[in-house]
Each structure stands twice: as C-alpha cells, then as structure tokens.
Amino acid sequence: MEDVLLGRILTAMTLAFHIIYATVGVGIPIVIMVFEFLGIKKNDYHYLTMARRIAKGYTVTVAVGVVTGTIIGLQLSLIWPDFMKLAGQIIALPLFMETFAFFFEAIFLGIYLYTWDRFKNRWHHWLLTIPVVIGSSLSAVFITTVNSFMNTPAGFDLVEGVFKNVDPIMAMFNASTGVRVFHVVVTAYMTAAFFMVTVAAVKLLRSKHTEDRAYHRKGLKVNMIIGLAAAALTLLAGDLSAKFLHNEQPEKLAAFEWHFETEENADLILFGILDEENQEVKGALRIPAALSILSGNKPSTEVTGLNDIPKDEWPPLVVHYFFDIMVIFGMFGLGVSALYFILKLFKREEWAHSRFMLYLYALSGPLCFAAIEAGWFTAELGRQPWIIRGYMRVSEAITQADGLGITMIMFGVLYLILGYTTIQVMVNMFKNESARDSQIAYYGKESLMEQGGRF
Amino acid sequence: MNYEIIGITALWTFLYGYVIVASVDFGAGFYNFYAKATGKSNIITPIITRYLNPVWEVTNVFFVFFFVGIVGFYPDTAYYFGTTLLIPASIALILMAIRGSYYAFNQYSKDSNIVWAFLYGGTGLLIPASLSVTLVISEGGFIKEKAGGIDLNLMELLFSQYAWSVVFLAVISVLYISSSFLTFYANRARAFEAVEIIRKWFLIWTIPMLVSSQFVFLGLRSNNEAHFMNAQNYWYLFGLSLVFMWIAVYLIYKKRRYGMAFIMVMLQFLSAFFGYGISKLPYILYPYVRIESVVNESMAFWLTVVFILGLLLLIPSLIILMRMFLFDKDYVQGKED
C-alpha cells in the first residue's frame, strides 16, 4: 500500500478511537457538575450518588483518553514530520496552551476524585468541578483551533517554503475557529448527556436492581434536559457551519452535497447513490432550494458547484454518506428528547417511560457517538487533498521512514484490546452494585431516610 | 531576551520534572507488581495506591508538555526525530498506553488481577528504557542523511554499548528514585514494615547505579567525544551529584530524615541532568539541530508569555495538590477511608 494511505489510515484510526474518549472527557464533567449541584441544592442523595458513580466510571475513560491523546500528539510528528516542521512554527502556541489546560484539569480532577468526604461544606467540593470543566472544555477549544488552522490557514506569509511574518494569534483565531469550536464543544456536551440517557434507559429496561428505578428516572430527566439544550445549540452550530462553508470552503460543502453545477435554488440532497461518471445521483431525497437557504437564508443564494473547482482539489465524494449519517443521527437525539418532554407536558408519564420509548432513548447515546465519528470523518475527508488547505498536500507531509504498515497493525491491535477492556471494566463496575448500595457505601444508611432517598 | 536560552531551559526543566515524577510513578508500579507476585502486597500496595491515585494523570502531562514544547520551540526536531523514531517511539507509545490504561483498569475495577498488575508494572521499566534511546540518538552517529531524506541505523543502535548503558542507567534510576521516595512516603504513613522493605530496595540499587553511570560516561567518550570533553568542563556538577548521592545513601542507611534523603536524590539527579544538558549545548540533535534553530521571534515571544502565565496557574495548583495528598498527615496515613 502507498505510504500516504497507510499514514492516513493510522491517523484516522488513532483519532477515531481517541475521539470517543475525548468527547466523554469534555462532556462528562458538565454532567457531573450539574448532578452534584442538584444534589447539594436539593439535599438529594440520589443526585449526589449519581455524580459520584459517574465520576467513578469517568476516571477509567480519562485514563484511556490521556494515553490516546498522548499517542496522537506524538504521532503528528512521527507520521507527518514535514507538516510539523512547517506548521510547528505557527500551531505550537495552541498546542502548548492545550497542554496547560489539560494540566490544569488533571490536577483538579485528581483533587476532586479523592476529596468527596473531605469538606465540611459540600459546596467547596462542588467548586472543584469548575476548574475541571474549564480545563476540559478549554483543551477542546485549543485543539480545535489547530484543526481550524489546517482548514482555513491564516497569520503568515509563505516565502520559499517557510512561514514568514508569523502571527500566532491570528492563526489561532482564523476564519473557521469560532464556528468549529462551538460545534465541537456543544456536541461533546450533547453526546455525554445522551450517553447517560442511554445508561439510564438500559438500566430501566433491564436492571435487576428494581430499587433503583426512581434513581434512574431522575437521571434520565436531568440528562434529557442537558441533552435537549445541547442538541438545540448543535442545530444552530450546524446551521452556522453550513453558512461558513458556503463562504470560506465551498469545495467542502459541494462535496458534502454532491453539488456539481454552480446555481441558485440549489437542492439539498439526502441519501442517494452517486454515479460519479455522469455526476448523477440516484434514489436521493431532494429538498428543493434547501441548500441555498442553508447557505445564505434565501433561495436565490448561488452555491458553488464542484465543476468550478480544479479536479485535483476535490475532496473524496464519499463524504456525502458521512455527512448524512452525522445529520440524521445527530437529529435523533434532539427528536427523542423533544418527544420525552412533549409526553411529559401532556402528562403521559407512563408513555414517556414505556418500553418502546426507553428503547428509543437507549439508542440515542450510541447514535450520538456515531454522529461524532461521522462528523469528524466528514470534516477531515472534506479537507482532502490538503493537510494545510491551499499550502501543503497530505502527500507532501508523509514520513519517509519505513515501517508504517507494521506500526499501523500494532496500534490497531492496541486499540482493539483497550476498547474491549474498557467496555468490560465499565460494565462490571456497575453491573452488580445497585445505586442504592453505592449510596449506602458513600453516605451511610442514614442517607436513605433523608429527603430524596426515601424510596 | 534570548529565546533560545529560555526555550531550552524551560524544556530541560520540564524533562527533569518528568524524570523525577515518572520515575516515582514507574518504579511504584513495578514494586506494586513485585509485591503482589511475592505475596507482600498487603504491606506495600496500600501505600503505593494512596500516593498514586490522585497524581498519576499529572505525571503524563509533564511528558506531553516536553514534546509539545520541543516541537514548538524547535520545529526542526519534529522532522529529524519524527522521521527517525517512527518505530522506536511507536513502541514507547504503545507501552505507555498499556501502562496508563491498565493502571486505571487495575485500580478502579473489581476484576483487578495479577496480569493487569504485571502489564502496568512491567511496562513501567520498559518505558524509561525506550525513551532513553532518544537521548542516545541525540548524541549523533545513528542518523544518516541520504538522498531521499534521513534514516535511523537501527542495527548500529542495537549493538551500541553506549545505548545499552544508557538504558540500564535509566531503568536503575527509576527503581532507585522511586524507592527513595516510597521510603519517605511509607515512613510518613507510619507503615514501618513497608519502610523496612523499601529501604532495602533502595540500598540494593545504589551500587548498580554508580557502576552504570560510569559506563555511560565511558560510552559517551567513544560515541561523541566532543560532548565528553565538554562535560569535563562541568566536572563540579557531576561531583556535586556524587556528593548528594552519598548524603542520601548515608541518611537512608542510618534510617534518618527520609524526607531530606529524597531531596538529596532529587538534587543528585538535578545536578547530573543539568551537567549533561549544559555540556551537550549548542546541539539538540547532533549535528543537525542546534539551539539557534529556535522558531520565529513572534512565536517564541508568545510561547514565553503563555509559559509564564501557565506556570502562574500551575504552580499554585500543584501546591494545593501536594498539600492535600502528600503533606496531609491524615490522608497519607489512610485515615480518610
């Protein structure tokens, strides 16, 4: 196989694996923060126990997130040395800041996890969630600015293959930074919330600990609120992204949508199969003028088509499928959480917790993760063939070293083993210990008698 | 201000920090496994767990910090080290991934077992070995510039006496540093049985420690004579290192002031590490990357700004962390749970 393809697969593999843990890492602190807040505010041991149980599972995912993050950090130099040599001149700053944010988070997470019983005033322990949330979200922000730079480079002049007149701040706050950071952070919150929705739904569907029902219903509700809010923001982020791409990266939007001819009243294409020779799309759902409206709020907006872009700068057209998956699966969470609250609004409590609905809720978490993966594949494949759009092609950045094939196999095996063990450990962690047992272990038998624990 | 000096000093200090923190961590993992395998687990493991639980993540950040920083200040290193180290660094990364993950799996899972303890403890000795190879390569002689680019001469590396002596020194240092810290920590925890065991481990490692560091010097002479000669100019730093070592060994042998002994061990490595580092200059990677190849002015300026701001945030945080878990008597003695 060609080296550049091997390098791409290896990078994709590492990122695809890391993103699962990274998303959990950015999103879950918010969930923990909310639950502990509610627990203290309402003096409700269910919420407190929930925050603590989530934190326990979170620790394991953080460990794997840290190591896979370290891997990708070094792999950038190992697989793409020429890229780092060039771009290191200008992306070093956000990378460095990301490390600081991560450091900050690591310190306070360490303190948070081992001081549950150490403070007389519970609010003091809750305050520790603030640096953790700030640290984890900021590391997402900084690392996304790096990726944004690769999409819409700014802040330098390229003179004979070297960056001159470098302005690292302009590079960080490039054209796509705002919209991408917003998209990444809210989808992480959303995914974390729906992941916990899934846990609650599965526990309500098949847990042997029937005494935990009230506990899981409470968890379901709160996570639905977080999920709905984050999903609504995600919708907004998606809309902003479309407008942004229309203005700044038209080739990417055109590839997402198999949009070949530059025209007004451009259709939005959902699903379908492409006949690349004749540029014909079969079996697709066409929404008239929707692409123009998405791009510029009115049907008369002219959307650039791929035929106006040099063919050797086309992204691979397969991105359309990933784009569809991202949109549909992403909307699913919004749909179920809206449905949940509509049923509640009309006092259909028993419907909202019916088995059918619970199955739908249970799907939302995995589908969110699939949407995150598909979204990143959309974004990254959509940037091909560039590694720094307009300046350096992926093929120019690949290492000259031998051994990419064997390296790819080694890491593939590693991720399989780590993924498998994580699932095994997480399942076993909560399978045999009911939330009630945890509550007694954390807060003593008396806690059952106090408000909120009386079930 | 001179950015190349700021850059290299910051990076070298962080690398030193990593050497100390990671050695304690790696060694602790290995001792934990050893104790489990020999049935002493109930004496040693609680001490190690209590120390490691809140700090293991922080250890890793020191390393990330270093490699992000070096690419930031000296992007050329990404090219030379990145290209040549694909296989060795990938192996190190895989070991680190196994170690970090299995630490958490072993610690927080009910199904913890000896295999997981082995994965987490055993890798702890292999990682310093594999990482130290980078220092060997930086001395030059193993990278060849050819028509299409650069290449690492793996065979030569594998049969290099110098490389092996550095690897041995790295592994022994880990066990040595770690046992000196754990002696102090166990003593604070008033776990006197554990102190006895760990103290012996420390004393056992002193002789190989001395011998292997001599071999490293001899190896350096045949590998990079200019560096070796330059090191002579800083003989006092190496001499100081030896003095600190004798004080540490004396204190622990006499069962006195374990805290001071650990500080002496830290100073021992500080002076040797900086002696090595300073005498290496101006080369970062002999003979390709020199200290002058620092990034553009504006980036160096912002990196320095961020670095200072970052430290203002980190140092107080680290002090809080240490006060809560290292110097809090109740926590150390396990009265929390």
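One is the number of the first residue shown, and numbering goes on along the chain from there.
Every residue gets a Cβ built from N, Cα and C, even glycine.
All TrEMBL annotations are machine predictions without curation.
Copied over from TrEMBL:
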TRANSMEM  B:6-34  transmembrane segment
TRANSMEM  B:55-74  transmembrane segment
TRANSMEM  B:80-102  transmembrane segment
TRANSMEM  B:114-137  transmembrane segment
TRANSMEM  B:162-182  transmembrane segment
TRANSMEM  B:202-222  transmembrane segment
TRANSMEM  B:234-253  transmembrane segment
TRANSMEM  B:260-279  transmembrane segment
TRANSMEM  B:299-321  transmembrane segment
Inset, instruction - Tell me, please, if the transmembrane segment (B:114-137) and the transmembrane segment (B:6-34) are in contact, taking contact as 3+ Cβ pairs under 8 Å between residues separated by 6 or more positions? - result: yes
Legend entry - Positions on the same chain near the transmembrane segment (B:299-321), where near means CB under 8 A and six or more residues out: 1, 3, 6-7, 10, 54-55, 58, 69, 72-73
Inset, instruction - Given the cut-off of 8 Å on Cβ pairs that are 6 or more apart in sequence, determine whether the transmembrane segment (B:6-34) and the transmembrane segment (B:260-279) share at least 3 such pairs. - result: yes
Inset, instruction - Six or more residues out from either end of the transmembrane segment (B:80-102), which same-chain residues have a Cβ under 8 Å from its Cβ atoms? - result: 26, 29, 56, 60, 116, 119-120, 123-124, 126-127, 130-131, 133-134, 137, 142-143, 149-152, 154, 285, 288-289
Inset, instruction - With a Cβ cut-off under 8 Å, give me the same-chain residues at least six positions beyond the ends of the transmembrane segment (B:260-279) that come close to it. - result: 8, 12, 15-16, 19-20, 173, 176-177, 180-181, 183-184, 213, 227, 230-231, 233-234, 237-238, 240-242, 244-245, 247-248, 251-252
Inset, instruction - Report, as numbers and ranges, every residue of the chain located at least six residues beyond the transmembrane segment (B:162-182) whose Cβ falls under 8 Å of a Cβ in that stretch; write 'none' if there are none. - result: 19-20, 22-28, 30-31, 47-48, 51, 124-125, 128-129, 131-133, 135-136, 139, 194, 198-199, 201-202, 205-206, 208-209, 212-213, 215-216, 218-220, 222-223, 248, 252, 258, 261-262, 265, 269
